[in-house]
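Student: Following this message is one structure expressed as structure tokens.
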Amino acid sequence: MNHLLGQRAQEYLKQLADCSASEIGVTRFPFTPEHKRANALLTAWMQEAGLSVHMDEAGTLVGRYDAGNNAPTLLMGSHQDSVKQGGAYDGIMGIVLPIVALDYLNRQGRKLPYSVEVLAFADEEGVRFPTALVGPRALAGTIDESVVDRKDKGGTSLRTALSDFGLEPDKISQLKRNPDNILGFIETHIEQGPVLEHEGLPLGVVSAICGIERHHLTFTGQAAHAGTVPMHLRKDALTAAAAITIEAEKLAIKLPDLLATVGQLDVTPNVPNAVPGRVSMVIELRSPVDEVREKAGKMLQAFAKETAQLRELGCEITRTYSQQATECDDSLQLALARAIVSTNNRVHHLPSGATHDASAMADLTRVAMLFVRCKKGISHNPAEYASDQDMGLAIDALIALLSDLQC
Ligand SMILES: [Zn+2]
């Protein structure tokens, strides 16, 4: 059966991919005509699946499969928005698959002992406005209400965008949910990396969402003529930057669960015939284990200072950003693992290196994530792809999970 349901999900995602501001890939920012068109499709499919649908004041489309009698509620879903010229699966697949799973249960006339809500969050990527995760933060009651005054590049504030979308931004603070009546939040998402494909597995269970920290580092030496200053008299800022880049890589290979990236480097004067006098760079660390990340950050700060001393350079290093890891709930992970086993697949647990709506939902309730293999690990790219078969297996797993979950 999974293949047919997977094909249906693929067909839905194709229609949603047409709700795009760009011809190439999918560009669907929050509170745009594309968002409205995608919501219209999702609303129709939710209603067909027996869900009652409304949009909350933060722009989250909510489809409810109601069990009545004050039954507790399981939350599922993900985000509808994409990056600029992104793919057709990131986020929105995690809305479509639960709808198809609930539709299947509804057609079977199956009643669940709990209600289910499928949430289509407006904005996870944070591309349009200099904020993100407004929907889940509103539910968790962790939203900073001043974010509605932030503006997009065209000068439109989030407040205006919400109002133009028919919403009342002043009521966002009333969306906070009572956690006592919530069973948890389960987000289905493409992996956005190559691990499941490498393992030959269609599905995976997320163990934790990585914490992140960034260090801004500047080495200051002396810009000089590349032909006249001998090697031993140079104060080259770039060789110091290279040394710490390699050190970060070594550390990430040595310490378990650590990812280290130097993705941004500004070299001055950045010409072929001058010794670089100044380098500003950003070292980013991610880990599902906060202690590992923090230890690595301190080690790299010390290494930067030693390197600067050794090479007689100025050095300024500051940790400019840090975000804690989100643990996925053990019993929900077990429930997902059982559901995967029921599809005759081996269970693989892996951390998520990317942030998700689940990170913000963790402030409200326990969270778990089901990862679906994506082709070559490609994401945030028009080439993003998950197969009918893999999505069909994910739907089967969700059906098994919904059927077996204890409340
Ligand atoms: Zn996403």
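For all residues, glycine too, the Cβ spot is worked out from N, Cα and C.
Quantities reported herein were computed from a predicted structural model and do not represent experimental measurements.
The Zn(2+) 1 binding site feature in TrEMBL is assigned to H79, D90, H189. As annotated by TrEMBL, Zn(2+) 2 binding site applies to D90, E125, H380. If you look up TrEMBL, you'll see R214, N273, R286 marked as allantoate binding site. Annotated domain 'Peptidase M20 dimerisation' per TrEMBL: 211-308, in sequence order.
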Student: Which residues, in sequence order, are found in the same chain with Cβ within 8 Å of the centroid defined by the Cβ atoms of D90, E125, H380 at the Zn(2+) 2 site, excluding those residues themselves?
Tutor: D81, S82, V83, G86, G87, G91, Q192, S379
Student: How many Å separate the Cα atoms of E125 (Zn(2+) 2 binding site) and H79 (Zn(2+) 1 binding site)?
Tutor: 8
Student: Compared by Cα position, which of the binding-site residues H79, D90, H189, H380 is the closest one to N273 (allantoate binding site)?
Tutor: H380
Student: Please report how many Å separate the Cα atom of R286 (allantoate binding site) from that of H380 (Zn(2+) 2 binding site), as a whole number.
Tutor: 19
Student: Which residues, sitting 6 or more apart from D90 (Zn(2+) 1 binding site) on the same chain, put a CB under 8 Å from its CB?
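Tutor: The list for D90 (Zn(2+) 1 binding site) reads S82, V83, H189, I190, Q192, S379, H380, E384, given in order along the sequence.
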Student: In angstrom units, rounded to an integer, how far apart are the Cα atoms of H79 (Zn(2+) 1 binding site) and R214 (allantoate binding site)?
Tutor: 25
Student: For each of H189, R214, H380, count the other CB atoms within 10 A of its CB; which of these binding-site residues has the top count?
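Tutor: That would be H189, with the most Cβ atoms nearby.
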Student: Helix, strand or coil at D90 (Zn(2+) 1 binding site), per DSSP?
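Tutor: Coil, per DSSP.
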Student: Between the two most separated Cα atoms in R214, N273, R286, the residues recorded as binding allantoate, what distance in Å do you get?
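Tutor: Pairwise Cα check on R214, N273, R286 gives a maximum of 36 Å.
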Student: Ligand 1: which of the binding-site residues D90, E125, R286, H380 have a Cβ closer than 6 angstroms to it?
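Tutor: Among D90, E125, R286, H380, near ligand 1: D90.
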Student: On the DSSP side of things, how many residues of the domain 'Peptidase M20 dimerisation' (211-308) fall into helix, strand and coil, could you say?
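Tutor: Summed by class, the stretch gives 40 helix, 34 strand, 24 coil.
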